[in-house]
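> This is the structure I have questions about; it appears just below.
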Amino acid sequence: MATAEPTRADQAEPGPGTGPRIRVPEPTPEGAEPTPEGPEPTPEGPDEEQRTSLLLTVRERLLRHPVLSITALAGVLHIVWFFTFANSGGDLAAQDAWAEFVGRHPASAYNLAWYGGMHPVSYSVVSPYLMSVLGVRTTMMIAGTVSAGLLTLVLLRSRVVRNPLWAALAGVFALLCNAASGRVTYGLGTMFALGAVAVVFCWPHRWRYKRWAKALCAAPLAALATMASPVAGLFVGLVAVALFLQKRRPGAWALGLAPSAVVAVSAWLFPFSGTQPMAITSAILPFLSALLVLLLVPKEWTTVRLTSAVYLLAVLLVWLINSQIGSNITRLSMLFAGVALVTALPFTVPRSRKWWATVLAITGFTVWIGVKTVIDIVHTTPAASWARELAPLVNELQEVGAEKGRVEVVPAASHREASALAPYVNLARGWNRQADMERNPLFYDDTLNSANYREWLKRWAVHYVVLPKDEPDGDGGQRERELVQRGMPYLKQVWGDANWQLFKVLDPAPLAEPNTVVERADQGEWTMRVSKPGRVLIRIPYSPWLSIVDDKGDKLDPPEETEASKERPEGEPKTYDNVHGCLMETEEDELGDKWTMLVAPKAGTYRLAAPYDVPRGTPCPDELR
């Protein structure tokens, strides 16, 4: 978020250089006749006069309390979104899935139902839990409404802004488009990010020497922004860089250190790898919007211009270097470029080249995010069968025992399968583009064919394939659909109706081997029966949080060093009692996978889960590896 630097931070009346915000007609000199400004008013009846008086009263109150007015307007528009365009596809499908997972398994650090396993923290630290408690769409309405109020506050306190209400309305439009596209997690992060920026830029003048107090208020909000959405935390970091370049170090440290710490700790405790390449077509418009803001806003707006320059460089780097950020970086310009351009318009000479350039930029920006939002709504709205006709498919999956293996669902354009089926079966995929491109590149590199599809099914121990009738996701989804429909020798259709087709994978790879049967593979826990002691390969991407638990979900003790071993001299090999078993990471195989290995000391039932606990997991000591 970038905003004009405030020249005053107190709560006094506007200074002499700002002028009044509401134009008032000049008083008529005594004895002079008022100059007519139009045709004589027609006589009005009592009802007409009452309506006019009411409208003037409402207008006066709206202008008197702009923050409250804009907040109320944003709240009403988000309620309209909830009842009209809030579907269950697209990003909302992913957020529904995460909210449901943490609602069912709040103490689990690893979701076993997506891509073999994913940490909720790698998606967001706090968003899934808030969405689970408040509801996904309720969270979006609250975040969008509060964000609109905070943005209006920042604009009003930045005394150089001449049209704060129009700029705030541009922000409301962008926030509503963000809601329509279903970006709840990012919207929540933006709310905290705007709060952090508001603390730095709207700090009361009478407290101007209490810099540590300002930092103690801004830093937690910046951290919460990053914990809600790493993308929002990145944008807080851009503002921090702009302040740092101006040698405004207290504000820079307050906004910059906390997000960096959150990212570092999250990456250390919850490792995640993945990429999201950014096409040139996705980079052009955010790059252009940043350039236009840099060129069109007044030169005195140093923070805005520096933030735009840093953002422009960031877009260029993300386009050149593959990373987890990818096209997510476009979201800053989609929310705030329009606000910056609208605030710059009154500073241009009407009908000048710069004025026309600003008007065209505002128009182009509005068309861009408007069209993008409409496309998101159209393409992410799931088919009615996902809501009305899902029960027969779920029943059939339960009848054939699909919970004992993974299920591949040819991804729909809406990605509704990621949330609709995750509570019932262990999905081979889900809805996380970075993880999908990292772990399943054959769906993106134009190499998908019958042979490598078969190998992929074996690699992920897929036992069943579901083919929905609605439009698949992208070129990879279309090719996968054509393969399945063509009829592969290793796929046998076992059930189907007007909405779904269910195929059994012939001779599938087991989820765990050797001498092991997976009795149930749930979102939060796997139950396995081991017939012989020894090492068991489990096709779950290794996580240090994976633990062996009892039937109540409590973590069992890891191997302990024997008393005799403790008495041995330093340097001699140690011995351990491995009573309950332990887990370790396998060596990387030819496909780049690192699976989980169970060292089972005896035959019996073993349960794998990932409870939050310190120390993490049930690791094997080096002597047992």
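Each residue, glycine too, has its Cβ placed from N, Cα and C.
Those TrEMBL annotations? Automatic predictions, nothing curated.
Pulled these from TrEMBL:
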- 1-50: region 'Disordered' (REGION)
- 67-86: transmembrane segment (TRANSMEM)
- 129-156: transmembrane segment (TRANSMEM)
- 187-204: transmembrane segment (TRANSMEM)
- 216-245: transmembrane segment (TRANSMEM)
- 251-270: transmembrane segment (TRANSMEM)
- 277-297: transmembrane segment (TRANSMEM)
- 303-320: transmembrane segment (TRANSMEM)
- 332-349: transmembrane segment (TRANSMEM)
- 355-375: transmembrane segment (TRANSMEM)
- 550-577: compositional bias 'Basic and acidic residues' (COMPBIAS)
- 550-578: region 'Disordered' (REGION)
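In the displayed structure, how are the listed features positioned relative to their neighbours?
Sequence-distant contacts of the transmembrane segment (129-156) (same chain, six or more residues past either end, CB-CB distance under 8 Å): 1, 3, 66-68, 70-71, 73-75, 78-79, 81-82, 86, 92, 95-96, 98-100, 102-103, 106, 164-165, 167-168, 171-172, 175-176, 178-179, 182, 184-185, 187-188, 190-191, 194-195, 197-198, 201-202, 228, 339, 343.
Residues 1, 3, 5-6, 9-11, 124, 126-127, 130, 139-140, 142-144, 146-147, 150-151, 153-154, 157-158, 175, 178-179, 214, 217-219, 221-222, 224-226, 228-233, 235-236, 239, 243, 251, 254-255, 335 of the same chain sit 6 or more residues outside the transmembrane segment (187-204) yet have a Cβ under 8 Å from a Cβ within it.
Below 8 angstroms of C-beta separation, residues 1-2, 124-127, 130, 185-186, 188-193, 195-197, 199-200, 251-263, 266, 302-303, 306-307, 310-311, 314, 325, 328-329, 331-332 of the same chain, each at least six residues beyond the ends of the transmembrane segment (216-245), sit close to that stretch.
Counting same-chain residues at least six beyond the ends of the transmembrane segment (251-270), those with a Cβ under 8 angstroms from any Cβ of the stretch are 109, 119, 121-122, 125, 196-197, 199-200, 214-215, 218-220, 222-223, 225-227, 230, 233-234, 236-237, 239-241, 243-244, 545, 616.
Sequence-distant neighbours of the transmembrane segment (277-297) (same chain, 6+ residues past either end, Cβ-Cβ under 8 Å): 4, 304-305, 308-309, 311-312, 315-316, 318-319, 322, 326-327, 329-330, 332-334, 337, 340-341, 343-344, 347-348, 354, 357-358, 361, 365, 368, 437.
Taking Cβ pairs closer than 8 Å, the transmembrane segment (303-320) reaches residues 2-5, 234, 238-239, 241-243, 245-246, 278, 280, 283, 286-287, 290-291, 293-294, 297, 326, 329-330, 332-333, 340 in its own chain, all 6 or more past its ends.
Away from its own ends, the transmembrane segment (355-375) comes close to residues 170, 173-174, 177, 180-181, 285, 289, 292, 296, 334, 337-338, 341-342, 344-345, 348-349 of its chain (Cβ-Cβ under 8 Å, at least six residues beyond either end).
Only residues 6 or more beyond the boundaries of the compositional bias 'Basic and acidic residues' (550-577), in the same chain, are considered here, and those with a CB under 8 A from a CB of the stretch are 107, 525, 607, 609, 611, 613, 618-621, 623-624.
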> What are the DSSP helix, strand and coil residue counts for the compositional bias 'Basic and acidic residues' (550-577)?
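The compositional bias 'Basic and acidic residues' (550-577) comes out at 4 helix, 5 strand, 19 coil.
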